[in-house]
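As annotated by TrEMBL, compositional bias 'Low complexity' applies to 67-77. If you look up TrEMBL, you'll see 94-500 marked as domain 'Major facilitator superfamily (MFS) profile'. The region 'Disordered' annotation in TrEMBL covers 59-81. The transmembrane segment annotation in TrEMBL covers 94-120, 132-152, 159-179, 185-204, 225-244, 250-269, 314-334, 354-375, 387-406, 443-468, 474-495.
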Amino acid sequence: MSLNITSGMLPKRYQRTPAFAPPFLYFGANKLPRQTSPLPLHAVSSNRRLRPGVVRATLKNSETEAEPSSGSASESPPEAPKFTLRNIPERLRVVLLCFLSFVICNCDRINISVAILPMAKFYGWNQTTVGIIQSAFFWGYVLTQIPGGYFADKYGGKHVLAVGVIVWSAMTLLTPLAASGNLGLLLLARALLGVGEGVAMPAMNNIISKWVPEKERARSLSLTYSGMYLGSVVGLWLCPQFIVSFGWQSVFYIFGSLGFFWWIGWQLWTTSTPQLSSTISEQELRYIESGAPGAEKDVSSVPWKLLLSRKATWAIIVAHFCATWGYFVLLIWLPTYFNRQLGFNLAASSFLSILPWLAMFISANIGGLIADALRSRGMSLTAVRKTMQSIAFLGPAFFLSLVATTDTPSLAVFYMTSALAFSSFSQSGVYSNHQDIGPAYSGILLGISNTGAAIPGIVGVALTGFILDTTGSWKLVFAIAIFFYLLGTVVYNILGTGERVF
């Protein structure tokens, strides 16, 4: 006899809310089915609400599991639903909203890199003070990486990312008020901004692991991460216009308000997993489940000792650290380099600073397409990750060495742009590797590695200000970044893997 449930929800006696879930994480969430229901246990998880169609299919399949198969012994994997303008895949909508959150994330992070020039003049700050202010963001950023990954894997990345966006947007809005008070309040506001943004990458990694099949992962992650680069482009382009027209305070008010509009769309149009969606098609759901191992199980406890005892984890940690040393130093100090070292004014410095980030936005997406193409042609996942990451390390090392040897502004801009463009291949290398080695723990793994990767934001950014105050040497700044790029190349190629470990 075949059961057929056609209502939108299971009977109330089969519903419950997961224990110990923080209330703010369940905005608009529906009650969830008990595992004591007639459904097979593998079909019901502690944080999923099954759609009616899924319930029908699951119950039917559970009754026929023991029956002999009358067809072929093996079935081909489900095909991706055809893409049309009238039928945009739901997984693409989720990826695009993640992308937009990263655009806003970097707009709110980078606006002070431009605004700091008139702010420093107004308040009389030296370069050491400027370096401390800009590094304060990372004091908070480092604190929420692992908690962000844990809560994302346990309760769903959607809710964690939503909370993070609200926190960092509020702190952006409050920055001018904090600056007008005293330096301590400004440092606190920047640190709390980092607290909010610290959960973004682990939460996004969790969402992508559950929504995107492995064959589309590199391009999806590259697109999402490229939102940071586009955010830098938008911020560096618009900040000077706002400062000239409305004063430096305006950049924080304008960019800080964007996150609240994004939050509304995020709550309305996304779910933490495809199984929770009430609008996804059956074909797309089957396609996602066939190739997204991140949706296999829910995290109730974290095997910390196991995660930290594997070479693959440490390969990611070291590579992530080395990649972000150059990235954060250049992200924060690039406008100052163009202004004070190359002699461009504020508007020109901001415009030229756009070029590297625009190049990164383009090259990151090209890298994702290349990685997926190599994978589809039979290259092992390990070889793909190491190839892409080697390009991301050796390219910047080469071009930064050229920057250090030239005093020609046009060449310096070209070399800097090329260095950062190649560095964006990391999105198809180490930044995609967490989901390879441990899809069920992808958020936590990214939180662990991004905690180490935040150290260059604290130490490297502040150290750069100290070096410039004491020696005035940009060559020394670039030499340190080159060293870490080379170190990362060696470590990742020796210890890294694309095979599943956890």
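Easy rule for this one: first residue shown is 1, then count along the chain.
From the backbone N, Cα and C atoms, a Cβ is placed for every residue, glycine too.
Contact between the transmembrane segment (474-495) and the transmembrane segment (225-244) does not hold: fewer than three of their C-beta pairs are under 8 Å, each pair 6 or more apart in sequence.
Between the transmembrane segment (250-269) and the stretches 94-120, 159-179, 225-244, 443-468, it is 159-179 that has the most C-beta pairs under 8 angstroms.
Outside the transmembrane segment (185-204) by six or more residues, the chain places 98, 101-102, 105, 108-109, 112, 132-134, 136-149, 151-152, 157-158, 160-161, 163-172, 174-175, 178-179, 224, 443-444, 446-447, 450, 454 with a CB less than 8 A from a CB of the stretch. Counting only same-chain residues 6+ beyond the ends of the transmembrane segment (354-375), those with a CB under 8 A from a CB of the stretch are 215-223, 225-226, 229-230, 232-233, 236-237, 330, 334, 381, 383-384, 387-388, 391-392, 413, 416-425, 427-428, 432.
Here the listed stretches are 94-120, 132-152, 314-334, 387-406, 443-468, and the one with the most C-beta pairs under 8 angstroms to the transmembrane segment (225-244) is 94-120.
Under the criterion of 3 or more C-beta pairs below 8 Å, with sequence separation of 6 or more, the transmembrane segment (94-120) and the transmembrane segment (443-468) do not qualify as touching, having fewer than 3 such pairs. Here the transmembrane segment (132-152) has long-range neighbours at 22, 25, 109, 112-113, 116, 125, 159-161, 164, 183, 186-188, 190-203, 205-207, 299, 302, 328, 332, 443-448, 450-451, 454-455, 457-459, 461-462, 465, meaning same-chain residues at least 6 beyond its ends whose C-beta is under 8 angstroms from one of its own. When averaged over the domain 'Major facilitator superfamily (MFS) profile' (94-500), pLDDT in the model lands at 90. When Cβ-Cβ distances below 8 Å are used as the criterion, the transmembrane segment (314-334) is approached by residues 109-110, 113, 134-135, 138, 232, 308, 353, 356, 389, 392-393, 396, 400, 416, 419-420, 423, 426, 429-431, 433-434, 437, 445, 448-450, 452-457, 460-461, 464, 477, 480-482, 484-485, 487-488, 491-492, 494-497 of the same chain, each at least six residues removed from its ends.
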